Amino acid sequence: MPRIAIIGGSGVYDPALLTNIREETVETPYGTVKVKIGEYNGEEIVFLARHGEGHSVPPHKINYRANIWALYELGVERILSTSAVGSLNLDMKPGDFVILDQLMDFTKTRHYTFYDGEESPHDRKFVAHVDFTEPYCPELRKALMNAARELGFTYHPMGTYACMEGPRFETRAEIRALKILGADVVGMTQCPEAALARELEMCYASVAIVTNYAAGISPNKLTHTEVVELMAQKSNEIKLLLMKAIEYIPKERRCPCKDALKGATGE
């Protein structure tokens, strides 16, 4: 049973560096999910392409609940994800890695919880209010930082991610407002993904890859082409970072993530 999963974002569509890869289809209360399962250092790892193969699903149409539930069904306890981001912080340059520690949610139309009371399409028919003070698992963040340090990659140990609805890029005014609010980087996929993982008491962390400066900071027109091109340039480093981080993940979970539902239902 795999205990670790990788969710690949924009530009990360294949489980390279894994061996003995097989495809599986997982049925969930929220829909069907296709994943790939392979091995790394003798351990099974699940790979899920967030946008589908070839970036076929836009951020606001991703079935986040099905994706996270599918990983849970497979027995996954820890999730490492990647996110392509625009930078609002001049110190975070294109090509840099950012080990996210905080996020802000500005999405509008997504499904944010598994716990819809009696309307839940599974036997967990209750309402839960999980603590999200620290949205990213400290153990997984530490593993990513240790890996980046060992590999000699340029990385930032902290960063606040602003999640926008998309699929369009942001306006100059939006970026100015986000900067005032304290955002370092901006993207479209961390919400509700990170919160859903917490609701199922799974550990979750994300490494953001800066692909460009955000609107009004960059003097150029923003294009998805530049995102794809930079992610292609960083592709090998991203995969090396994720695999090395897996080596640093402790076997036993000692983080608060595993007890996220304690006290969340009022019982």
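The chain as shown is numbered from 1 upward.
Placement of Cβ uses the backbone N, Cα and C atoms for every residue, glycine included.
What Swiss-Prot lists as phosphate binding site is SER10, ARG50, HIS51, SER83, ALA84, THR189. Every protein chain considered, the tally of other Cβ atoms within 10 Å of the Cβ of HIS51 (phosphate binding site) stands at 19. DSSP assigns HIS51 (phosphate binding site) to coil in the three-state reduction, placing it in neither a helix nor a strand.
There are 23 other CB atoms within 10 A of the CB of GLU170 (site 'Important for substrate specificity'), with all protein chains counted. Among the features that Swiss-Prot reports, site 'Important for substrate specificity' is placed at GLU170 (among others), with the record citing sequence analysis.
The annotation substrate binding site is assigned in Swiss-Prot to MET188, ASN212, TYR213, ALA214. The DSSP secondary structure for MET188 (substrate binding site) is coil. Under a cutoff of 8 A between CB atoms, and with a sequence separation of 6+ in the same chain, the neighbours of MET188 (substrate binding site) are PRO59, HIS60, CYS163, MET164, GLU165, GLY166, PRO167.
Less than 8 angstroms from the CB of HIS224 (site 'Important for substrate specificity') sits no same-chain residue that is six or more residues away. The annotation site 'Important for substrate specificity' is assigned in Swiss-Prot to HIS224 (among others).
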Of the recorded positions listed as GLU170, ASN212, TYR213, ALA214, the one whose CA lies nearest the CA of ALA84 (phosphate binding site): ASN212
Residues that sit under 8 angstroms from ASN212 (substrate binding site) by C-beta distance, when 6+ apart in the chain: GLY86, SER87, PRO94, SER218, LEU222, GLU226, VAL227, LEU230
